[in-house]
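Quick look at what TrEMBL annotates:
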- 50-73: transmembrane segment (TRANSMEM)
- 65-152: domain 'G-protein coupled receptors family 1 profile' (DOMAIN)
- 85-105: transmembrane segment (TRANSMEM)
- 125-150: transmembrane segment (TRANSMEM)
Amino acid sequence: MNEENYTAVVPTYLTGLFDFNGTVEGGNETDGGGYLNVTTEMPVQYARPMYGFVMPFLLLVTIVANTLIVVVLSKRHMRTPTNVVLMSMALSDMFTLLFPAPWLFYMYTLGNHYKPLSPVESCYAWYAMNEVIPTLFHTASIWLTLALAVQR
């Protein structure tokens, strides 16, 4: 069998807890339901190059650049209210990419996007680290941008 015959799946009892974009496949009520096809969020032919090959490069650039920003702005003589906000923005932007990186690397760079994700706890971790936590840090970065604008 080739890769196109497989999809990453999440048990359907998670669909009531989370808002996945996907289709329910197989299963019945006695065995806990079918599975949700999470590969329908984005076509695999686009997701694999973007998440598997472009994302690791962007992650490396982001980590290096934001680490340098934090190192420079955390020096004692550089501590001003504006620089604290800028340093917080750099950290927030870095964490936006850092949390989903291990999952995207595993699924797309290593080519495991067609395999079922198990155990169930890893499905919760996938959702939290790919949807919830990056959104939290991205929202924090937006609010820090607003704080910087108000401060100036």
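Glycine too: its Cβ is placed from the backbone N, Cα and C atoms.
Same-chain residues lying 6+ beyond the ends of the transmembrane segment (50-73) with a Cβ under 8 Å from its Cβ atoms: 42, 79, 83-84, 86-87, 90-91, 93-94, 97-98, 101, 104-105, 107-109, 111, 113. Below 8 angstroms of C-beta separation, residues 10, 14, 18, 20, 82, 85-86, 88-89, 92-93, 95-97, 99-100, 102-104, 117 of the same chain, each at least six residues beyond the ends of the transmembrane segment (125-150), sit close to that stretch.
For the domain 'G-protein coupled receptors family 1 profile' (65-152), DSSP puts the residue distribution at 71 helix, 0 strand, 17 coil.
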